[in-house]
Amino acid sequence: MSGSYDEASEEITDSFWEVGNYKRTVKRIDDGHRLCNDLMSCVQERAKIEKAYAQQLTDWAKRWRQLIEKGPQYGSLERAWGAMMTEADKVSELHQEVKNSLLNEDLEKVKNWQKDAYHKQIMGGFKETKEAEDGFRKAQKPWAKKMKELEAAKKAYHLACKEERLAMTREMNSKTEQSVTPEQQKKLVDKVDKCRQDVQKTQEKYEKVLEDVGKTTPQYMEGMEQVFEQCQQFEEKRLVFLKEVLLDIKRHLNLAENSSYMHVYRELEQAIRGADAQEDLRWFRSTSGPGMPMNWPQFEEWNPDLPHTTAKKEKQPKKAEGATLSNATGAVESTSQAGDRGSVSSYDRGQTYATEWSDDESGNPFGGNEANGGANPFEDDAKGVRVRALYDYDGQEQDELSFKAGDELTKLGEEDEQGWCRGRLDSGQLGLYPANYVEAI
């Protein structure tokens, strides 16, 4: 027997050189266009994150700057603390710049390169993809035709081998069977001879076609290599370009290498190191401690021309440097805060008590009883006047009430010189509110 045929012996490889396996290289061109879109989406999402973070920093700085300015901290440490808010504002601006660079530079750069590198066709797809497809198909067409002939020749040869083996088996078995006549035996022998001739013919043809394929293979490889290198050059441009873009993105994101960013933290450190505890203590001693001036009691001659009163006189609001006295609670509010509200917040850094000394508890604003007609401003009055809100009001301080137009509340005192009244909500909350925001019911 000249050979054997076994269909299971056929191997299907995944090599680039197999017919049609160039399609992965062609698909890479389409993938490159999609990857440009993916990178632009990636940059857009990061830009949104930068924008949101910048806004959060701004909101945080605004809120805490107000709290610090209205809080009890004072002096150089207050300035150091406030420097953190300045840092947040500046870093917010830098992250806004990052967002702008990502969108206006990096994303636009990718978009423009993609537009120049890929050209859409009217019928769909890209010109570059079609050119690669046509190039590979043209280079592979002659070799693919030879491979088709080779497969047919191989199949014919293997089939002839199979028939030869079957004929030989029948001829050998007939020798042991008594029922087979000499004439039948001769036919079986002739069949074996004919199959051997077929095997010889198909083998010669198979070998000839295989030789022809071998001759055309170098030209086939050269043509395929040429088209593949063109695709490689196109892909190389994409890879190099996207690497440059990623480096640009890194440069924009890496604020650690930004001179402005480093300057922000140098300034912050200087502001913090500028805080001086001893200076702050001296300031507090001179403005709120034993270092304050005092009109000590002195003997005063009776003057008949002056009105004589036996009741305790109220001390008129005394103008202090950078502060005004509020008659609502007897506290001094810094002029920097006077623009926010013309009364006293739950805590004002310049708070002083301007009451003259008396052994009568009526002069104590924190006393629990009344004397000489003086009421405790912090006591929950049992009586009051019901009023209705004309407008919405959101309290700006902890000691202010918040209400909506139409809400009813209880007015507990008369309007002070700066237009504020004390009142109580139905929930029991006590606080101040603008007098002209309500009307009597």
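Cβ atoms are placed via backbone N, Cα and C, with glycine included.
According to Swiss-Prot, of the candidate residues Ser9, Ser336, Ser345, the site noted as phosphoserine is Ser345. Of the residues Ser15, Ser326, Ser334, Ser343, Swiss-Prot records the annotation phosphoserine for Ser343.
Per Swiss-Prot, the phosphoserine annotation among the candidates Ser101, Ser286, Ser427 falls on Ser427.
Between Ser174, Ser288, Ser358, Swiss-Prot assigns phosphoserine to Ser358; no such entry appears for the others, which is not proof they lack it. Candidates Tyr53, Tyr157, Tyr391, Tyr437 were compared with Swiss-Prot; the annotation phosphotyrosine appears at Tyr391. Swiss-Prot marks one residue of Ser41, Ser259, Ser402 with the annotation phosphoserine, and that residue is Ser402.
As a summary of secondary structure, the domain 'SH3' (382-441) carries 3 helix, 26 strand, 31 coil according to DSSP. The Cβ of Ser402 (phosphoserine) has Tyr393, Asp394, Gly395 as same-chain neighbours under 8 Å, each 6 or more residues away in sequence.
For Tyr391 (phosphotyrosine), the same-chain residues that are 6 or more apart in sequence and have a Cβ closer than 8 Å to its Cβ are Ala405, Tyr437. Cα separation, Ser427 (phosphoserine) to Ser76 (phosphoserine), rounded: 41 Å. Among the modified residues Ser76, Thr181, Ser427, the residue whose Cβ has the fewest other Cβ atoms within 10 Å is Ser427.
In this structure, the C-alpha atom of Ser76 (phosphoserine) lies 127 angstrom from that of Thr181 (phosphothreonine).
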